[in-house]
Amino acid sequence: MVKAVAVRGDSKISGTVTFEQADANAPTTVSWNITGHDANAERAFHVHQFGDNTNGCTSAGPHFNPFGKEHGAPEDENRHVGDLGNFKTDAEGNAVGSKQDKLIKLIGAESVLGRTLVIHAGTDDLGRSEHPESKKTGNAGARPACGVIGIAA
């Protein structure tokens, strides 16, 4: 069992996103507990290429995409590895949840360890709109919070 965690960046949004994978062939469970976001909203989160936050969340680079795919929904065959989709917030702007993901890995060559988890200001359109950013970023907006994914105790 490998466990990893990413914590907030520099904004009012805080919380943790944890990753757990039993073995190299198992799906990864992604769990989140996020506070301080917009109330009653769907907000995007993705794993980005670099574990570099020297210039805030901007230096995390594009979505983690080792297979050269277009942006998509977590359940799509054609998607970036880092495409986690959206989470829903409650009336206070908090979100708690989990999902399993077959492409997110903590073990192997395409591991997300050392990369950055970014929480976006907008909703991921899942690559389904006509917006020029849709097939690249999901048109998910700014990056108000992020954290490097590191090995958890």
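Including glycine, each Cβ sits where the backbone N, Cα and C put it.
For His46, His48, His63, His120, the entry in Swiss-Prot reads Cu cation binding site, with the evidence type similarity to another entry. Its Cβ taken as reference, His63 (Cu cation binding site) is surrounded by 23 other Cβ atoms within 10 Å in the chains shown.
Among the features that Swiss-Prot reports, Zn(2+) binding site is placed at His63, His71, His80, Asp83.
Secondary structure at Arg143 (substrate binding site), taken from DSSP and collapsed to helix, strand or coil, is coil. Under the heading substrate binding site, Swiss-Prot lists Arg143, citing similarity to another entry as support.
For 68-80 (among others), the entry in Swiss-Prot reads compositional bias 'Basic and acidic residues'.
Panel annotation: around the compositional bias 'Basic and acidic residues' (124-136), residues 42, 44, 46, 62-63, 70-73, 76, 79, 83, 85-86 of the same chain, lying at least six beyond its termini, place a Cβ under 8 Å from a Cβ of the stretch. The compositional bias 'Basic and acidic residues' annotation in Swiss-Prot covers 124-136 (among others).
The disulfide bond annotation in Swiss-Prot covers Cys57-Cys146. The Cβ of Cys57 (disulfide bond) has 22 neighbouring Cβ atoms from other residues within 10 Å, across all protein chains displayed.
Shown for the region 'Disordered' (61-80): DSSP residue counts in helix, strand and coil, namely 0 helix, 1 strand, 19 coil. Per Swiss-Prot, region 'Disordered' is recorded for 61-80 (among others).
Per Swiss-Prot, the feature region 'Disordered' maps to 124-143 (among others).
Taking His48 (Cu cation binding site) as the reference point, the binding-site residues whose C-alpha atoms are within 10 Å of its C-alpha, out of His71, Asp83, Arg143, are Asp83. In sequence order, His63, Arg79, His80, Asp83, Leu126, Gly127, Ser134, Lys135, Lys136, Thr137, Gly138 are the residues of the chain that are 6 or more apart from His71 (Zn(2+) binding site) and have a CB within less than 8 Å of its CB.
All protein chains considered, the CB of Arg143 (substrate binding site) has 21 other CB atoms within 10 Å. Residue counts for the compositional bias 'Basic and acidic residues' (124-136) under DSSP, split into helix (H, G, I), strand (E, B) and coil, are 3 helix, 0 strand, 10 coil.
Cα of Cys57 (disulfide bond) to Cα of Arg143 (substrate binding site): a distance of 6 Å. Rounded to a whole value, the Cα-Cα separation of His46 (Cu cation binding site) and Arg143 (substrate binding site) is 10 Å.
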